[in-house]
Amino acid sequence: QEAAKYEKKVMVLDFVTPTPLGNSWGLGGTCVNVGCIPKKLMHQAALLGQALQDSRKFGWQFTEEVKHNWMTMTESVQNYIGSLNWGYRVALREKKVTYENAYGEFVGPHTIKATNKRGVEKLYTAERFLIATGERPRYLGIPGDKEYCISSDDLFSLPYCPGKTLVVGASYVALECAGFLAGLGLDVTVMVRSILLRGFDQDIANKIGEYMEEHGISFIREFVPIEVEQIEEGTPGRLKVIAKSTKGNQIIEGEYNTVLLAIGRDACTRKIGLDKVGVKINEKTGKIPVNDEEQTNVPYIYAVGDILQDKLELTPVAIQAGRLLVQRLYAGATSKCDYVNVPTTVFTPLEYGACGYSEEAAVEKFGEENIEVYHSHFWPLEWTVPSRDNNKCYAKIICHIQDRERVVGFHVLGPNAGEVTQGFAAAIKCGMTKEQLDSTIGIHPVCAEV
Amino acid sequence: GKSEYDLLVIGGGSGGLACAKEAAQFGRKVAILDYVEPSPQGTKWGLGGTCVNVGCIPKKLMHQAALLGSALKDAQHYGWNIAQPVHHTWPVMAQAVQNYVKSLNWGHRVQLQDKKVKYFNMKGSFSDPYTIRGLTKAGKETIVTAENIVIATGGRPKYPTHIAGALEYGITSDDLFWLKESPGKTPLVYYPFILHLYEIIVYISLTDASPDVSLECAGFLTGIGLDTTVMVRSIPLRGFDQQMASLVTEHMESYGTKFLKRCFPTKVEKLESNRLQVTWKNTDLGTEETDSFDTVMWAVGRAPDTETLNLEAAGVKTNSETGKIIVDASEATSVPHIYAVGDITEGRPELTPTAIAAGKLLAQRLFGQSSELMDYDNVPTTVFTPLEYGCVGLSEEAAVQCYGSDNIEVYHAYYKPLEFTVAKRDATQCYMKMVCLREREQRILGLHFIGPNAGEVIQGFALGIKCGATYPQLKKTIGIHPTCAEEITKLHITKRSGLDATVTGC
């Protein structure tokens, strides 16, 4: 869309290869269809369930029994997504960007073959190319995984309530999904191979796990599934999961209605003909290394988003990188995407917002004696009346002592963590120090003032 | 002779308690006097001051109760099946809130004890510059002397005593949060519609000085199902950015609060039914109108609590117009060893966090070898109306006045919170704007945000502004997706351009 502003002739190819279970979706990519958007809406549905409980303590009265209807929620969510798909189609048309619902792959220098749903092929040439094909969920590679398990690609449009669910994985996707499914009243178990939220601050990751356990989610630690069998067909059916310990020979079995795999995502780079044009990819991960101007080793081919090596897999990063790239190419701008201090939020039942270094990373980078960690538990005012979870919310900042106690890491665990963290991320971008933080007056009474 | 105490604090509110506790940390002999004169209706409360007892805390909790009412409506769209009818019962909420407040009173007592601060539940007044006379409720007198004295007695709501019946029949925020029974008759809320039946409460605000309290209270009263009307003489939220103020009141109107604009009451009478009849003048139409209500609440400003302090005996000067105590940048009054912090001081924001910070810094300067003065610039604040409004820095008007409209750039956007989509909620007033200097660096002068969780959104940005944040720095900050706050980092449409400022999230 940015490129079209500069009156360049632009084409977008978008195609969704159906999931093993046959699921597909419209224009917009992962975020809109099977990522951030439906995730946050379902997380909101779960939060509203909690709000219902709280509201009784605040004087609201209604019948004791309150049930959640999966179909009502999913329909609303899908309708909204549909409106976004449509919105994109309209926007592209208005900006005169040619859109083809076809699978693109390189067949030679400057040339792409586009194959649509019906198998019709067309060839296109362009001066420059931008690869932004993103990723898809990984499967375990065990018997029964593709036949019987679902992934996040399927969850948000599942035409029936998933029922008793086993979530395999400890990524933020796994924990977020487990979190909202439990919040909607479902029986949820999470099977974790080793640690939670790899790459995130582990102190906080453990607090998140603890909170989820205290709120009814079971965790099976240090096990991996080795087989999934179908006991009974249905919507949902019944599945048997056999799992092996990572620390010995112990085998366990469990029965679930749904098994959701959330063990990672793989870049969609292996089948788009990159070898035909000489674009190097990391053979192991499939990701594309680029320079700080998002250029691949082939000068006229660029890449942005989840497929980039060593960059964050986040929507706003992809958007920013894409926009700035185009401004550099066609508007003479020089700004590069700033990948440092990118804030992020994990929308688990207890939300976690972070910007900058985790405590471990800070210790590694600066040395333990050179950092100071200030921390505090806090109790959101809104949780006092319903007597909820005293002393679970937590905030910490990590400061670099030598550099005027500059804040190099910000972490907050509590409600509306995303809203809280955003502004602090801006402040960190301005080089905020502990002193400046201390001298800023708090807004009272909010969580962020802690 | 030698004073009994190193520090005596008069007033156990946000500022006073913070100062006393901080001073005690330095091993000083500290005493604090706190006394609550009952309201004309007879309401009183414990240690902790306005914020804890009749301000921020109960206000936010009742605001939360109202928000939860909206959540109940939203939940239906998200798949939660809630059988009708749904209604709100005041006593359950009030009891819960009051119990929490009492636990805070207790907490403060314990803290003072732990920190070895002597607490007197007495009303203090000056006998001379170093001597305070404390009087208990029973009339028992105690004399206390101190080397340093801090006045932090705060303020109390004003009554429009020139209006007949105002004092006898009206209540204020001092009473509202402690009511045992609903200010309106039992409300009936038919889910998914809210029908305002029978329960009628009028809420009068002349909004001269204490702007947000009136709207915040009217907001949550409406939210829990009471038929609420706000009478405004001139403009609501005076002193705040006026564009934002009108969006806030617009939202309240669509939310169900009634407004009687440019009207002022002339008398309040009690009817046989025990309801109240209010007569007022409509300045637009030049007519006189009447109506009857269950409760009349005044929110016409707050007056500093200095009358009974006998400040003349100490020589402490006050502002003749406002009655507030005049202080310098180090919180000192006209008498060198007597200081003042909080709502009682002239020219300072009436906010808890500033009182606390000022109190702490004062103690650090007096006893801790610090020289750091309180910075009252760029203090962020939030109005907890049904659609919240958070801001920091200059309003657009103030910026124009200060720098000239040619030298400032205003970036703005109408946005829609993701959570409103499925809930089918109206986001017409969800709006944000950033006022920047136009010159090369483009420093941010003010940030304004209307939307859910406005306080949480603004806090971090206030920090950024304290660090001298510029528009380019903000643009370089990546957004967190999906949140409302991220829209701030994406602001790019200027008012000057005249373009449509509606943005879509994804």
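For all residues, glycine too, the Cβ spot is worked out from N, Cα and C.
Predicted automatically and left uncurated, TrEMBL annotations should be read as such.
Source: prediction; values computed, not measured.
Listed in TrEMBL for this protein:
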ACT_SITE  A:H444  active site, proton acceptor
BINDING   A:K40, A:G104, A:D306  FAD binding site
BINDING   A:G169, A:A170, A:S171, A:Y172, A:V173, A:A174, A:L175, A:E176, A:G264  NAD(+) binding site
DISULFID  A:C31-A:C36  disulfide bond
DOMAIN    A:2-322  domain 'FAD/NAD(P)-binding'
DOMAIN    A:342-449  domain 'Pyridine nucleotide-disulphide oxidoreductase dimerisation'
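A distance below 8 A between C-beta atoms marks none of the binding-site residues from A:G169, A:V173, A:L175 as lying next to chain B. For the domain 'Pyridine nucleotide-disulphide oxidoreductase dimerisation' (A:342-449), DSSP puts the residue distribution at 37 helix, 33 strand, 38 coil. Annotated NAD(+) site A:G169, A:A170, A:S171, A:Y172, A:V173, A:A174, A:L175, A:E176, A:G264; additional same-chain residues within 8 Å of its Cβ mean position, judged by their own Cβ, are A:V167, A:C177, A:L197, A:A262, A:I263.
In sequence order, A:V190, A:M191, A:V192, A:L261, A:A262, A:I263, A:G264 constitute the residues six or more apart from A:G169 (NAD(+) binding site) in its chain with CB-CB distances below 8 Å. Note on proximity: of the recorded positions A:G104, A:L175, A:D306, A:H444, the one nearest A:C31 (disulfide bond) is A:D306, by Cα distance.
In the structure as shown, the Cβ atom of A:K40 (FAD binding site) sits within 10 Å of 22 other Cβ atoms. Counting every protein chain shown, 23 other Cβ atoms lie within 10 Å of the Cβ of A:C31 (disulfide bond). Look at A:L175 (NAD(+) binding site): DSSP puts it in a helix. Sequence-distant contacts of A:S171 (NAD(+) binding site), defined as residues of its own chain at least six apart whose C-beta falls under 8 angstroms from its C-beta, comprise A:L197, A:R198, A:A262, A:I263, A:G264. In the three-state DSSP classification, A:G104 (FAD binding site) falls within a strand.
Farthest C-alpha pair in the NAD(+)-binding residues A:G169, A:A170, A:S171, A:Y172, A:V173, A:A174, A:L175, A:E176, A:G264: 14 Å apart.
Annotation for A:V173 (NAD(+) binding site): same-chain Cβ neighbours under 8 Å, separated by at least 6 residues, are A:S152, A:A262. Between the binding-site residues A:G104, A:G264, A:G104 has the most other Cβ atoms inside 10 Å of its own Cβ, all protein chains included.
A straight line from the CA of A:D306 (FAD binding site) to the CA of A:C36 (disulfide bond) spans 13 Å. Annotation note: A:D306 (FAD binding site) sits in a helical segment as assigned by DSSP. In the three-state DSSP classification, A:C36 (disulfide bond) falls within a helix. The Cα atom of the residue listed as 'active site, proton acceptor' lies nearest to that of A:K40, taking the recorded positions A:C36, A:K40, A:G104, A:L175 as the candidates.
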